Amino acid sequence: MLELLCATQPLMAEDAAQTLAAPRPVISEIVTPQAGLSSSWVGSVAASSELDLGFLRLGTLAERAVDAGDIVEKGDVLARIDASTLDSELRAAQAGVTIAKANLQTAQDAFNRAKQLATRGVGSEMALESARNDLAASEAAMEQARAAEARAEDAREYADLTAPMAGVITSVSAEPGATLSAGEAVMRLSSTEKLEVIIALTEEDAAGMTADAVFDVRLLSNPEITTQATLSRIDPVSARATRTRDAHLTLAKGANAGFRLGALVNATFDAGGGAATTLPVTALIAGAEPAAVWRVGKEGRKVSRATVTPGPRAGGRVVILQGVAVGDEVVIRGVNSIEDGQTVGARIAVRQIPGATQ
């Protein structure tokens, strides 16, 4: 029995060594030609410019001429505050100008007479100097009265809230009779001159977007209505709840009237522009300069570093412009723990969920 145990121990040790030395399997993907790389997002139509409108002074809202959903033109009167006090102040300022004008005329006539008398030698220099001072004071009073009138006119104009641009009223926040503070929002005006689509991008998709990327946009309520939109900007800060960043797509000029504010749309970005070679972004070796992936050799299953030229990204995949060929096996998971020349085990394919699309 002892001899049998001694004989089997070397065999067990050899099997354990072989097991430890067995190369680990890898999750990889076989490069295949694809129709293209595209992703879709659901978004909504929004105004590129929105303004909260309010009065520049304290007052009581006397009239609101518009409701939510009304379309307005630039210069239209949207609301008014009680202007009775402002009207009184304006009339008082206008009366002040009239009085100042009369005083100025009187001072001018007095100065002219004093000057004539002084020229003929029958008037004193003191009287002429006094008339000159009175005229200067009257001129200053006239300027002061005109400034007061201008302020009163401006204040009266502030009683009318006018549209600074053409657009649609998207919300109202005050009813007639309400006492308003200076600057308090009464309504919100959204411009209809330039519409945009807002979609939420993951950090990965946002990083892969190119400037001026073009999207195909269609209405969810009527997919036959389509247009194009161009990426104008991506918000620099992610939403705290979703960890996504809003992308703003400017709708093409002349877009169908069906693309109204708030309409839900489907925005599709085709990064491939035709047949393309793509890989998951996880295949790219982190920090590699230039970009590279691990290619598995067909004989011996040794990995080698392959320099690639990546293109646009979308939906978690990246277009590979150069560096790999159809039929190559590329490691797509755990790439940062592999060394050049390492032998890897059998390939494990990524499980595809039925109906899933990229």
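Cβ from N, Cα, C; glycine included.
Distant neighbours of the coiled coil (128-158): 55-57, 83, 86-87, 89-90, 92-94, 96-97, 99-101, 103-104, 106-108, 110-111, 113-115, 117-118; these residues of the same chain sit at least 6 beyond its ends, with a Cβ under 8 Å from one of its Cβ atoms. The feature coiled coil is assigned by TrEMBL to 128-158.
As annotated by TrEMBL, domain 'Multidrug resistance protein MdtA-like barrel-sandwich hybrid' applies to 59-185.
The feature domain 'Multidrug resistance protein MdtA-like C-terminal permuted SH3' is assigned by TrEMBL to 278-335.
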Could you tell me the mean pLDDT the prediction assigns to the domain 'Multidrug resistance protein MdtA-like barrel-sandwich hybrid' (59-185)?
89
